Amino acid sequence: MSVTDASGAPGSSSSQQGADGGAPPWRPYLRADDRGNGANAVEVALNEVRGKIYPRSVSGVFARWRVVFVLLTQLVFYGLPWLQWEGRQAVLFDLGARKFYLFGLVLWPQDVVYLAVLLVISALALFLFTAVAGRLFCGYACPQTVYTEIFMWIERKVEGDRLARIRLDESPWTARKLRLKLTKHALWILVAWWTGSTFIGYFAPIRGLGHDLLTLQLGPWQWFWMLFYGFATWGNAGFMRESVCKYMCPYARFQSVMVDPDTFVVTYDKGRGEPRGGRSRKLDYKSAGMGDCVDCSLCVQVCPTGIDIRNGLQYLCIGCGACIDACDQVMDKMKYPQGLIRYASQRAVEQGWSPRQARARLLRPRVLVYAAIITALAVAFVAALALRNPLRVDVIRDRGVLAREAPGGIIENVYRIQLINTSESSLVLQLQASGLPGLDVHVERQAAQAIELEPYANKLVPVVIRAPAQAAAPGAHPIMVRASGRDRAGNTVQRDENASFYMPE
Ligand code: SF4
Ligand code: SF4
C-alpha cells in the first residue's frame, strides 16, 4: 500500500508503517474544501497556505468528554498555584532559590533525577495511551486542544456558529462587525492574560503577583514570561489552531510508529458507508446498492483540523471524536445504526470484529511491556522518595589552607561543610569524623557545637578537623564525616560523606 511521507508528498515511507509491519493506517493530509465538500478532497502539501477553518459546533458523548477535560485540566492549571501547604505555596518552582516545592516534597538541584524519572514515566504513559487508543492526549488534554476549545467557545458565543462566522468574515466592515471582533479579542486577551499570569505563578509566589502587577513591580523576567505565554496562548489558540499540530508539533510526526493495526483510532467504516450518496429517508438504499454514508459532510464541518476522516486516518486527526458525534446524529436521523464513524481498530474494521473481539486485542505484548516498565519505574520512584534521606552533606576542602600545625602537636585541616535539610522539620545536628585515631571536629565561629538547620534550608558551616600529628604518616588519608541528629518529632537522621585529611611532612 502506497503512503505518503509526513510532508504530505506522495511516495512510500517506512516511517508510516505500523510498528508491527501491518498495513499502515496513516494517510497524508487529504482536505475537503473549506466549506466541507468531501467529494472535492485533495491531497494537500504541508507547505500549502492554509485556508481558515470554521468548525461547526457539535454535541454528543465525545463533545461532553472534551468539556469535562477542558474543565478538569483548567481547574488543575489555574487552581494549583493557589493551594497552600504548611504555610507556603503547595506547587512552586522557585528557580531563584533552586528549590521545587511539590506539596510535601521539596526537590533540590541534586534531586534532578526524580524529575527525570517523572518525565520518563510521563513519556512512557504517552506511548502506552497512544498504543491503546491513538491520540487521546491530543484530542482531550493537550494545551493546544484545550485552549483552542476555550477560544472557539468564546468565538461561537460572540460571533455565532459556523455559517454566521463565515458570513461575518466575508461581510464588509460595519460597526456591528467591529464590535463583535473587538469583543471576541477582548475576551481572548483576558483569557490569555490570565493564563500567562497563572503560568508565572508557578515560578513566583502567586499571592503577591496581583499586587506586584498593579504596582508595576514585576521583575523583567516575570513581565517577559507573562506576556510571552499570554501572547502564545492568544496566537496559538486564536489564530494558529490546527497549524500548530500540522507544522510545529513533533508528536504528530512520530505517532505513526506508536500505533499498530490493533490501536483504537477514529475510523470511518468504509465497507459499511460506501458507496456514499444523498438519498431520501424512505429509499431502500441497500437495494439501490448504496452504503450508509449520506454524504452530508457534517463530519468534515465539525472537524477542528478540517480533514475528511472518510479518506482514511490522517496525521492531522487529533482523535477528538467530533466527527463521531456528528455522524451518530445523522445516523439517528436516518434511523441507521450508530457507529459509521467510531473508535475502532483498523484490524477490527477490516475483519468485521465485534467491539468485544477488538477489545480482546488491547492487552497485546507492546501494551503489556509499556505497562510493566511504567509500573516498575513508578514503584521505584515512590520507594526512592519514601526512603529519601532528608539530610544532604557536602564536604568542601578549604583550598587556601591545606593543613596547619596547632600547639600541642595537633594538625588541623579546614573545611566548609554544606548541610541541606530537605524535610519540613527543623534539625539539630552534630558533626563527627572517623578514619584516623583521635580525630576531632570543631565548628568555628559558634560556641555550641550543635548546628540548627531550619526546614528546607541549607547552611555552609566552617569546621576544623584536628588529629594528633602522630596519628598517620605524611600525605592524604581518607576520612569520613558524619552529620547526625534528630528532627522535631525525635526521628534520627544521619548522613556520612567521604573526605580526606592531609598530614604535612
Ligand atoms: S457525517 Fe456520517 S453520513 Fe455524513 S458524510 Fe460524514 S460519514 Fe457520511
Ligand atoms: S477527523 Fe474526527 S476525530 Fe479526527 S480531528 Fe477531525 S473531527 Fe476530530
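Using N, Cα and C of the backbone, Cβ positions are placed for all residues, glycine too.
Those TrEMBL annotations? Automatic predictions, nothing curated.
Here is what TrEMBL records for this protein:
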type	residues	note
DOMAIN	284-312	domain '4Fe-4S ferredoxin-type'
REGION	1-23	region 'Disordered'
TRANSMEM	65-85	transmembrane segment
TRANSMEM	112-133	transmembrane segment
TRANSMEM	186-203	transmembrane segment
TRANSMEM	223-240	transmembrane segment
TRANSMEM	367-387	transmembrane segment
Counting only pairs at least 6 apart in sequence, do the transmembrane segment (65-85) and the transmembrane segment (186-203) share 3+ Cβ pairs under 8 Å?
yes
Are there residues at least 6 beyond the ends of the transmembrane segment (367-387) whose Cβ is under 8 Å from a Cβ of it, and what are they?
105, 114, 117-118, 120-121, 124-125, 127-128, 131-132
Which residues, given as numbers and ranges, are at least 6 beyond the ends of the transmembrane segment (223-240) yet have a Cβ under 8 Å from it?
144, 147-148, 150-151, 185, 188-189, 191-193, 195-197, 199-200, 203, 248
The average per-residue pLDDT within the domain '4Fe-4S ferredoxin-type' (284-312) comes out at 93
